[in-house]
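Asks: Sharing a structure here in structure tokens format.
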Amino acid sequence: MEERNKTLGEFIIENQNAFQYSSGELSRIINSIRLAAKVVNYKVNKAGLVDIVGAAGEQNIQGEDQQKLDVYANEVFIQTLINREIVCGIASEENDEFITVEGSDNSHNNKYVVLMDPLDGSSNIDVNVSVGTIFSVYRRITPIGTPVTIEDFLQPGTNQVAAGYVIYGTSTMIVYTTGHGVNGFTLNPAIGTFYLSHPSMQFSEDGNIYSINEGNYVHFPQGVKNYLKYCQSEEGDRPYTSRYIGSLVSDIHRNMIKGGIYIYPTSSKAPKGKLRLLYECNPMAFIVEQAGGKASDGFGRIMEIQPTELHERVPFFCGSYNMVEKAEEFMHDAKLSKY
Ligand code: AHM
Ligand code: MG
């Protein structure tokens, strides 16, 4: 028989026993995400037809209201997780508050919470640029059988049991980790199946791409300004190449494959940075570390930050280990010289 790549479904079954305390729940969560990703992918790929079928806020030709895609993606992921009765709570970048999930018998017997950004970079959809879904899974802290509380969501990233992203790009991929490395699966749209295409993804220790919104340069902290000058200076393998899509998942995905650093720093305009600790930075940090890279707020490890609120923002530096370490050095030196 012709040999073919493993499917995501086969991979999940094969690896189920590798999970600590495995009871199949985590596998079922990944399975739900796989399903929701396919539904959202279908819709995202039709987005270019918006002029033909009607824009968000208008009615389509069947007289149905069109929804914004990020609202749609949010509903698909939440509904899929609720319908399958596998999580006890969900927090989403699109919702102000977390959602408590009950079983059909009104019980609270599930043990995992999911945090997610259902459609990150959604402003890129109008211009046909890749967007993504980011997700993160934690074991609840409060006792099984009781409704979840905010404590279950405000856990440091080191407590994550799984994290991943879906990239709706030239091809659609799911990339995820359960703490045993990072694997990437590409959707074959003809048959609706994800195949293992990128086993054991790894950041190279060094890279030559830097990704940052340089238009905000004047507002950046001195350490970031100095690091950028270092990236642009002519010495050794420098100057580096600048690549910035403005879609977090795509920028980090590219850097993981090619080697590079992604930075969204604090600025005088956004004193805490822009990206959200719980929905964007922690899951990406888990993936980056599992792929041998490093994720920092400029001074310390992202995953060790104790969150204090659901929608908290943090500065974010992640990518090839040595590049992030170098950026931290610049941050540290600039801080010392300032005070
Ligand atoms: P969003 O969650 O509102 O979509 O914002 C997050 C996005 C990231 O995907 C991207 O890296 C960043 O915002 C780009 O921001 P900027 O346009 O300020 O460079
Ligand atoms: Mg986002």
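Using the three backbone atoms N, Cα and C, a Cβ is placed for every residue, glycine included.
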Asks: If I go by TrEMBL, which of E93, E94, E97 binds Mg(2+) 1 at the same site as D117, L119?
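Replies: So, going by the record in TrEMBL, that would be E93.
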Asks: Please pick, from E280, E289, E304, the residue that TrEMBL records in the Mg(2+) 2 site together with D117, D120.
Replies: E280
Asks: D120, G121, S122, S123, N213, K274 show up in TrEMBL as binding substrate; which entry in Y176, Y240, Y244 does that record put in the same site?
Replies: Y244
Asks: Fewest other C-beta atoms within 10 angstroms of its own C-beta: which of the binding-site residues S122, S123, N213 fits that?
Replies: S123
Asks: Over the span of the domain 'Fructose-1-6-bisphosphatase class 1 C-terminal' (205-331), count residues by DSSP class, listing helix, strand and coil in order.
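Replies: Taking each residue of the domain 'Fructose-1-6-bisphosphatase class 1 C-terminal' (205-331) in turn, the totals are 56 helix, 20 strand, 51 coil.
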Asks: Taking a cut-off of under 6 Å between Cβ and any atom of ligand 1, tell me which of the binding-site residues L119, D120, G121, N213, Y244, E280 pass.
Replies: D120, G121, N213
Asks: How many Å lie between the Cα of G121 (substrate binding site) and the Cα of E280 (Mg(2+) 2 binding site)?
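Replies: Rounded to a whole number, the Cα-Cα distance is 11 Å.
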Asks: If you measure from the C-alpha of E280 (Mg(2+) 2 binding site), which of the binding-site residues E93, S122, N213, Y244 fall inside 10 Å?
Replies: E93
Asks: C-alpha of S123 (substrate binding site) to C-alpha of D117 (Mg(2+) 1 binding site): distance in Å?
Replies: 14
Asks: Output: those binding-site residues from G121, S122, S123, K274 whose CB lies less than 6 Å from an atom of ligand 2, in sequence order; none if no residue fits.
Replies: none
